Amino acid sequence: MTVEMAVPPFDHLVSRFLADLLSLLPDDGARLGLAVSGGPDSMAMLHLAAAACPGRVEAATVDHGLRAEAAAEAALVARACAALGVPHMTLRVTVEPTASIQAAARRARYAALAAWAAGQGLPAIATAHHADDQAETLLMRLARGAGLSGLAGIRARRDIGGVLLVRPLLGWRRAELAAIVAAVETVDDPSNADPRHDRTHARALLAGAGDRLDPLRLAASAAHLAEADAALDWLVEEAIRSRVDRFDDGRIAADIEGLPREVRRRILARLVGEADSAVDGPALETAMARLDAGQVASLGALKLSPGRRISIEKAPPRR
Ligand SMILES: Nc1ncnc2c1ncn2[C@@H]1O[C@H](COP(=O)(O)OP(=O)(O)OP(=O)(O)O)[C@@H](O)[C@H]1O
């Protein structure tokens, strides 16, 4: 027996998309950049956005130069955009060959998309991450023992280099999006089935759990955790305003004794990031353990000294 999925009329889907999108944008009339890979998810987003915000969307496809088919895939997106009257650009990037090529490709992709949006005067960019992506991300991060920030998953909105990145489809299922583009030519991403990727295992786990693990519920959990994470960050900002002194010579003193460990960790991460830019989680943990034991700690180019007020300053140059 085949079960036909009832697809709501397209105009209902468009209204729902518009409501989801507007809940994330600061300004109802804002123009929007769409990150469209050519896969079914982002092609569905392209069709929804073109109908929801006519004349206000532009699209870009990143060609990472890693697969021979990438140019043809970008051309497919360009044709779909032309048919919908959406301006399109292909962004070619060079990905440094590192151990984690996926992570390097992601970094290059977001940097290129942010630069494109800034160049086109687009205040926001949308990607097509959906509830199934979010549920998979949560399972992958649980499996790695992630904390609050990691389990908050894919953020619905965040800043990337001065451009707002939004994910209006986090409340949508992959199958809903696939149904929207069932009659449209889309790209098949071979990495989706690659057994070397944690995501492939998380996807199989969810599929095997059937109704007992509902991706929409997992996505709802991630949204709750993202709210808690943002609330903690807000409190940390408040604490920094009242408890931190910055001196002319660059030294920073933070009166954080007695605060909960997680709050101290976030304050130190912020201050170290401010003074030195690179914050490495495990190194910060080691530094905190030393400070708790009354010892001086070094972190990157910084020296952290214990006391009622923790002092952060540039470490003297090594001889
Ligand atoms: N080459 C691309 N060009 C434009 N947009 C892209 C491209 N690749 C991905 N995107 C955007 O990002 C969304 C998510 O894609 P994808 O899941 O591949 O990336 P990811 O979140 O970095 O995950 P992964 O961990 O699997 O790399 C897509 O739906 C699309 O909106």
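Cβ atoms are placed via backbone N, Cα and C, with glycine included.
Marked as domain 'tRNA(Ile)-lysidine/2-thiocytidine synthase N-terminal' by TrEMBL: 33-203. The ATP binding site annotation in TrEMBL covers SER37, GLY38, GLY39, PRO40, ASP41, SER42.
Other C-beta atoms found within 10 angstroms of the C-beta of PRO40 (ATP binding site) number 22, with every protein chain shown included. Among the binding-site residues GLY38, GLY39, the residue whose Cβ has the fewest other Cβ atoms within 10 Å is GLY39. The most densely surrounded of the binding-site residues SER37, SER42 is SER42 (count of other Cβ atoms within 10 A of its Cβ). Highlighted here are the binding-site residues (GLY38, PRO40, SER42) whose C-beta falls below 6 Å from ligand 1: SER42, in sequence order. Taking the centroid of the Cβ atoms of SER37, GLY38, GLY39, PRO40, ASP41, SER42 as the ATP site, the other same-chain residues with Cβ within 8 Å of it are VAL36, MET43, ALA44, ALA128, THR186, VAL187, ASP189. Sequence-distant contacts of ASP41 (ATP binding site), defined as residues of its own chain at least six apart whose C-beta falls under 8 angstroms from its C-beta, comprise ALA128, HIS129, HIS130, ASP133, LEU169, ARG174, LEU177.
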